[in-house]
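One structure, pasted below without further comment.
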Amino acid sequence: MCPAGWKLLAMLALVLVVMVWYSISREDSFYFPIPEKKEPCLQGEAESKASKLFGNYSRDQPIFLRLEDYFWVKTPSAYELPYGTKGSEDLLLRVLAITSSSIRKNIQSLRCRRCVVVGNGHRLRNSSLGDAINKYDVVIRLNNAPVAGYEGDVGSKTTMRLFYPESAHFDPKVENNPDTLLVLVAFKAMDFHWIETILSDKKRVRKGFWKQPPLIWDVNPKQIRILNPFFMEIAADKLLSLPMQQPRKIKQKPTTGLLAITLALHLCDLVHIAGFGYPDAYNKKQTIHYYEQITLKSMAGSGHNVSQEALAIKRMLEMGAVKNLTSF
């Protein structure tokens, strides 16, 4: 080979070394690019990793609240919402009577479930992950994050969408699939009251929310599920070390994203995440979502400790309980 050729090879090798060093040295190096072929799914793998995170861990807890647990036998709860149902049982009973608690049969029957939790982070923008996301058995989305117009980056498949009344400002038919499960995360008794008025077309409630939820919401009641507060409890207790009893004015709680990861570790055998993470605190101008121009300032007063949650997610990544499809 001529000297010029050797110089070119040396230059390429140097560039490769620099790129590898930069990737390793970055704080957000918990990044696992999507393989072209499906990663093998090992039955029980997520459950095994989750037991190290959550301690005395069991999959006996139902994912969604069930009518039979409140109608025939009164299921006692030690905590009020969002960590339990204490004091809200009568209202909850009316909601469970008009909704369902089943998981889709095609998901329930899978021997090994491959899941991805799609966050709302800005780093999904121009990620071109859409096709890869659509290949998972279960795709979990959060709140009002849109799909229409962003399919190339976030995909179009939605198995479940976690939401609460104030985040329900999306068109259930446009931003979801006909068989998507819309999973209500109840933070307070008024959340049950809201979904009851929507589904039963009763007089709407306008007070008791930090942001006015939709008054008209065109949704099929068969798609609605009520998330078991057990997942909020273990996310708060085991991942964030938050006390279950907090003063009303200082209440901290997990984000919907961390809650969704906790749920996925319970439901799935393989768990990947995408679009998680916030800008550094000093970066005041960076938008936090892939679909809207809001910054970290909007999180003030939300009751979420994003720094603490970042540490919890990094711990899960280090343990291999979850893998990341975008930088973190």
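Going from the start of the chain as shown, residues are counted 1 onward.
Including glycine, each Cβ sits where the backbone N, Cα and C put it.
Annotations for this protein, taken from Swiss-Prot, read as follows:
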DISULFID  CYS115-CYS268  disulfide bond
CARBOHYD  ASN56  N-linked glycosylation site
CARBOHYD  ASN126  N-linked glycosylation site
CARBOHYD  ASN305  N-linked glycosylation site
CARBOHYD  ASN324  N-linked glycosylation site
TOPO_DOM  1-7  topological domain 'Cytoplasmic'
TOPO_DOM  26-328  topological domain 'Lumenal'
TRANSMEM  8-25  transmembrane segment
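Map the listed features onto the structure and describe their local environment.
Sequence-distant neighbours of CYS115 (disulfide bond) (same chain, 6+ residues apart, CB-CB distance under 8 A): TYR136, ASP137, VAL138, VAL139, ILE140, ALA264, LEU267, CYS268, LEU270, VAL271, HIS272.
Within 10 Å of the Cβ of ASN56 (N-linked glycosylation site) there are 5 other Cβ atoms, across all protein chains.
Here ASN126 (N-linked glycosylation site) comes close to ASP153: these same-chain residues lie at least six apart in sequence, with C-beta atoms under 8 angstroms from its C-beta.
Secondary structure from DSSP puts ASN305 (N-linked glycosylation site) in coil.
Its own atom aside, the Cβ of ASN324 (N-linked glycosylation site) has 22 Cβ atoms within 10 angstroms in the protein chains shown.
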Below 8 Å Cβ to Cβ and six or more residues apart, same chain only. Which residues does that give for ASN305 (N-linked glycosylation site)?
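LEU240, GLN252 - these are the non-local Cβ neighbours of ASN305 (N-linked glycosylation site), listed in sequence order.
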If I take the alpha carbons of ASN324 (N-linked glycosylation site) and ASN56 (N-linked glycosylation site), what is the distance between them in whole Å?
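Between the Cα atoms of ASN324 (N-linked glycosylation site) and ASN56 (N-linked glycosylation site), the distance comes to 26 Å.
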